[in-house]
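Asker: Mind looking over this structure? Questions follow.
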């Protein structure tokens, strides 16, 4: 699987500034459903956006999913994330929880969310209450439904694009009635993203509790709950499916008027394009929309806030090559292959002093510490409310990490060994110093993030924990937490040995 290429933040900022300069003091045009050419624009420029109206979703599924949303809210299982954007920490206005396949994670804005497992009969996962078990099962059922709808829509889309047999007038009517053109002789059409969604990111926001929401800057669509973006870290050309639920709806919402300002909307635009009008699609409670195939890559989307609290369940195929518990455990096992433990004495030794092997081990050491342990504990004790799965997983990963601390100490002892040649010492130092310097720098960065004013503003169970951390007098740890003196000594040793070559 291939990760969608993401522009670096600097490139995005340049493009954004250029776009705003081109717009000047005005706004770009956009169409909403009140405009006569709305459906023509949808069919010609946004054809990979599909709306599944609430009336076409099974009633019992509506009931269980909407109750599940409220259950998450009542049980305090929706959390604002302390994320990093453009080098600065911010608290998200939207509260979230990730639910999905056991052991899966999803990373956004330098924050790794850990999926609370949806029901798996083969997994002995403990949930804090029976009620939450049913809650997670509801999103698993919704996932199955949205996947089946996605497969159907991709099949229709593939046939449409292949034969181009319909006219815009027909297309307009079929969008209005929530029916896409189809044929009975569909076969052998290449489809993208047939893999099932592996996670869903649940979002909740009550705009009445938000003191400030930014105005949408390009089109003047309204106040944004979520600004323009591509969903990141997804499998390339994979569909994103969204279930929308606004509750405590006013009588104004029931009449179905598209221009009712209390309604929520999703906005779409072609990325960095000022020629094509934007599209603003109204959402009724219970509606689902699918961003099919490569739409998430070629277009950007935003969410325009209504007046009522809103939940959404956003189902996606997260890029999982380096984001699963199975993956990081495999990495640990690979690194620990070089560690020998004497079964009689318990003494530890390294099997191999090959510089590349030692360097790779230190890189895995960093990966476990900063992509998993510190990411998990930076989110406080929030997961205790949801499941024991990740606490147990982190306990196991911490054991492996401590073994790698031992391996680092053994490398340092080996460098002091006079049996190594000058060339061997230099090669080892050149391979281990970069990850050690990175470790020292990242430990400092994570400490500062945990001490920030924003971190202290979070609820007690969500306040970041700076962990792992230990004092120099901790005899259970083979190395000090602060590696400054060790790194300085190693750099000096490298310089001295290079002079001997």
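Glycine too: its Cβ is placed from the backbone N, Cα and C atoms.
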Asker: Look at the Fe cation binding annotation in Swiss-Prot, where 229, 231 are given, and name the residue from 301, 315, 340 listed for that site too.
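Answerer: My reading of Swiss-Prot gives 301 as the candidate in that site.
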Asker: Out of 106, 108, 218, 243, which is the one Swiss-Prot records at the substrate site of 96, 229, 230, 231, 232?
Answerer: 108
Asker: Which one, 203, 209, 417, is listed by Swiss-Prot in the same 2-oxoglutarate site as 289, 310, 311, 312, 314, 316?
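Answerer: That 2-oxoglutarate site, as Swiss-Prot gives it, pairs 289, 310, 311, 312, 314, 316 with 203.
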Asker: For the region 'Loop L1' entry in Swiss-Prot, name the matching range from 19-30, 211-222, 343-354.
Answerer: 211-222
Asker: Helix, strand or coil for residue 289 (2-oxoglutarate binding site)? Use DSSP.
Answerer: strand
Asker: When you average the Cβ positions of 229, 231, 301 for the Fe cation site, which other residues in that chain have a Cβ within 8 Å of that mean position?
Answerer: 226, 228, 230, 240, 296, 300, 302
Asker: Averaged over the region 'Fe2OG dioxygenase domain' (32-321), what pLDDT does the predicted model reach?
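Answerer: Summarising the region 'Fe2OG dioxygenase domain' (32-321) by its mean pLDDT gives 85.
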Asker: Tell me, in order along the sequence, which binding-site residues from 203, 312, 316 have their CA within 10 Å of residue 231 (substrate binding site).
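Answerer: Hits: 316.
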Asker: Quick one: of the binding-site residues 312, 314, 316, which has its CA closest to the CA of residue 232 (substrate binding site)?
Answerer: 316
Asker: State the count of C-beta atoms found within 10 angstroms of the C-beta of residue 229 (substrate binding site), not counting that atom itself.
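Answerer: Excluding its own Cβ, the number within 10 Å is 14.
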Asker: How many other Cβ atoms are found within 10 Å of the Cβ atom of residue 316 (2-oxoglutarate binding site), counting all protein chains shown?
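Answerer: So the number of other Cβ atoms within 10 Å of residue 316 (2-oxoglutarate binding site) is 24.
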